[in-house]
Amino acid sequence: MKILIKLWTNLINRISNKKYLAAVSGGPDSMAMLNMYKRNIRVVCHVNYHKRESSDRDQQIVVDFCRKNNLIIEILDVDEKVYERYGHIDNFQTKARLIRYDFFKEIGKKYNIENLYIAHNFDDFLETAYMQRARQSKALFYGIKESNVINGIIVKRPVLFVRKQTLQRYCDENKIKYGIDETNELDIYERNRVRKIISSWSLNEVYDFKKFVIKYNKEHSSFANFIDLSYIEFKKNKYKYDYFIRQDDMVQYYLIYYFLIDHKIINPSENKIISLIKFFGKQINKEKAYRVQENIYMHVNDDELISLISYNKSDNISNSNVDIIDDHNVIEK
């Protein structure tokens, strides 16, 4: 395995002329990726949320590696001022994701780099697919894609099909320091619970689940491509209500989903999307808007474009030009 990884990374390093940002936490996955692909990495990005006792230790591990290998490092020290900017988001995982991807975008602009390496591994892939299946998600792709665009950044995952234990062994064999996130063992997050389930699987169970996921993704690939093209057209038309309302319910579902993701409304629930389809399916009423997140509402504006507006209940109603009506999800403008 060690020889195969070395041959693969050497090949990638030779054929790739692009320079990348790299998101590095200090854990074994990202430290292994950093060492494997350091020839292609121009800037290392590290985010310190200060939510764990070991946060500063992990930061120092990344700093020391970058100094030793003459790599530029950019660090986001997430303090209360940063958290306040994302105060409208209750879920910490969602908030943390938005914080780091905004940071990656900022650093990408600073260095004129549009490509980003992230160290998602095969265990992450399995965990994501498992949770999607357990929720009976309408996702058209189970797992994590090798490449996609997030917040305007081209994200590449070069170690996606390498097991976590293999990456940790790579670090040990190459004497690369790393930190272990102590919260990974706590059952406070759904992913941690799923991680324990998958870690108990036999190789045959892993293989069977992988086979199921590959089959699912193949069966949905044509429709997924159609949805991608439909959303590109929807976006090109500045989210015209007329374009949206002419689609069938299933297409509308994904147009709303992608719209919300595009506008940083992370993990919208299926019930929320279905409610929005019903809301927009009624006779167009520009005087109403539907809540998609705390203080954020979706509506059809005066130009008949679907858009978001911000409204805080503590605002002076006369200043905001908004009146509350009975449905707690809906406001009347």
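Think of each number as a place in line: the chain as shown, counted from 1.
Quick reminder: no glycine exception, Cβ is built from N, Cα and C everywhere.
Here is what Swiss-Prot says about this protein:
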type	residues	note
BINDING	Ser25, Gly26, Gly27, Pro28, Asp29, Ser30	ATP binding site
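A map of Swiss-Prot features onto the structure.
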residue : record           : Cβ contacts under 8 Å, 6 or more apart
Ser25   : ATP binding site : His46, Val47, Asp58, Val62, Ala119, Asp181
Gly26   : ATP binding site : His46, Arg57, Asp58, Gln59, Ile61, Val62, Tyr178, Gly179
Gly27   : ATP binding site : Asp58, Ala119, Tyr178, Gly179, Ile180, Asp181
Pro28   : ATP binding site : Lys164, Leu167, Gln168, Cys171, Tyr178, Ile180
Asp29   : ATP binding site : Ala119, His120, Asn121, Val159, Lys164, Leu167, Gln168
Ser30   : ATP binding site : Ala22, Ala23, Val24, Ala119
Open item on the list: Other residues near the ATP site, CB within 8 A of the CB centroid of Ser25, Gly26, Gly27, Pro28, Asp29, Ser30?
Closed with: Val24, Met31, Ala32, Asp58, Ala119, Tyr178, Gly179
Task: For Gly26 (ATP binding site): DSSP state (helix, strand, coil) - done: coil
